[in-house]
Amino acid sequence: MTGTDLPGELSAVSDQLAAAGGRSSAAVLKSYDDHLMRTFGPPKRVFVRGEGCYVWDADGRRHLDLLSGLAVNALGHAHPTVLSAITGQIATLGHVSNFFATPSQVALAERLDRMVTGGDAGARVFFANSGTEVNEAAFKITRLTGRTKIISTEGAFHGRSLGSLALTASEKYRKPFEPLPGDVEFIPYGDVAALEAAVDDRTAAVVLEPIQGENGVVEPPDGYLAAAREITSAAGALLWIDEIQTGMGRTGYWLESQRSGVVGDIVTVAKGLGNGFPIGACIATGPAADLLGPGSHGSTFGGNPVACIAGLAVISVIERDNLLTNVTEQGARLADAITAVDHPLIDHVRGRGLLRGVVLRKDRAQQITDAALDAGFIINAPRPNVLRIAPPLIITADQIDSFVQALPGFLDQGARA
Ligand SMILES: *Cc1c(COP(=O)(O)O)cnc(C)c1O
């Protein structure tokens, strides 16, 4: 089964709609090359259908998705609860603009307030459609503190807009797009002394990922977030925690910062929140919650009822099915099993829960990722010497074992390639 065919009534609407289905992989890739901007490099597969932790390509081959659309498909593909929440909402009311409120929007805001603050600190939420956009909102909040300086870290990734690029240290990404919004200083990640030295009474905010996902799943030393909390509070600066990749249960906590008992003044989440339906949330507590006022920010689609019901459905299923426990258990199983693989290419495994990096002794991550894909396993290579594994939170022990058993073969193939 290839699953590329659309329902007959859609195909009857127009040739273009019919053309969205029923094409071979080669035809889709040819059209992609002709019509899409080359921001991502040539795609490696054409996928047409997903269910649980598996996706099928246009040639009918099944793949175990150990990347979750980049930490997005927390409940896997075509989850029945998310599906019925989204289809029920869109069939009832799909969009109304931000002149008006909807019940699903306020229900999700209440739930995110409870997630971040425990419910008693009175957080406020700004909804948008992606991680970058909620980081943009957070950036604008910091500008309204009366201070402008932002401290970011080397290796950080906060998105691709000009604002979020200004928070990214990499010269390679920044240079072509300068001038970027200014007054951003970069310090080494995980270094408390550098934080202490950099933060002063001119600092508006410190922005941090609890684990640097794009940088190759880099963890800070124990106590780093707690120190950042103390240092920012003492200087009257905001602590802005970017949980876009680490949040929504990915590491076994709703938010990875909760492992350290730290609450940010601003917390941004996105990726896993909508299980693939685009949504992000900027959650602010304390005085930071009241800085954006009428006219200072906005979004046409942000907070629409379909995206918000998707977020509520995801959170409800994580709760109902005790998935945080599954993340902790399967994450430990994955890390222990890979650590036990005796192979000269593996140096060590890092990360938490179901956000793991396998650090290699040689720059072979892309070749190994390609070998895994050929065998029907999706992982990626955020750095030349790091494999990233971020499966759906519903992954089972058997599925993890099937990957780990096959891994030495991929390592051998990658070493030879
Ligand atoms: C992915 C990511 C972003 C950007 O999110 P988009 O939805 O791609 O705009 C920002 N910060 C972190 C930590 C991320 O992992």
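Residue 1 is the first one shown; counting continues down the chain.
Heads up, the Cβ atoms here are built off N, Cα and C, so glycines get one too.
Summarising the annotation, TrEMBL assigns pyridoxal 5'-phosphate binding site to Gly131, Thr132, Phe157, Asp242, Glu243, Ile244, Gln245, Thr300. Other C-beta atoms found within 10 angstroms of the C-beta of Phe157 (pyridoxal 5'-phosphate binding site) number 22, with every protein chain shown included.
The annotation N(2)-acetyl-L-ornithine binding site is assigned in TrEMBL to Arg160, Ser299. Under the three-state DSSP scheme, Ser299 (N(2)-acetyl-L-ornithine binding site) falls in the coil class.
The N6-(pyridoxal phosphate)lysine annotation in TrEMBL covers Lys271. For Lys271 (N6-(pyridoxal phosphate)lysine), applying a Cβ distance below 8 Å and a minimum sequence separation of six or more within one chain yields Leu70, Ala71, Val72, Gly131, Ile244, Gln245, Gly247, Met248.
In the vicinity of ligand 1, defined as a Cβ distance under 6 Å, none of the binding-site residues Arg160, Ser299, Thr300 are placed. Classification of Asp242 (pyridoxal 5'-phosphate binding site) by DSSP places it within a strand. Between the alpha carbons (Cα) of Phe157 (pyridoxal 5'-phosphate binding site) and Ser299 (N(2)-acetyl-L-ornithine binding site) lies a span of roughly 23 Å.
Listed in sequence order, Ser97, Asn98 are the same-chain residues six or more apart from Thr300 (pyridoxal 5'-phosphate binding site) with CB atoms under 8 A from its CB. For the recorded site, Phe157 (pyridoxal 5'-phosphate binding site), the DSSP three-state label reads coil. Cα of Glu243 (pyridoxal 5'-phosphate binding site) to Cα of Ser299 (N(2)-acetyl-L-ornithine binding site): a distance of 21 Å.
Rounded to the nearest whole angstrom, the C-alpha distance between Thr132 (pyridoxal 5'-phosphate binding site) and Arg160 (N(2)-acetyl-L-ornithine binding site) is 7.
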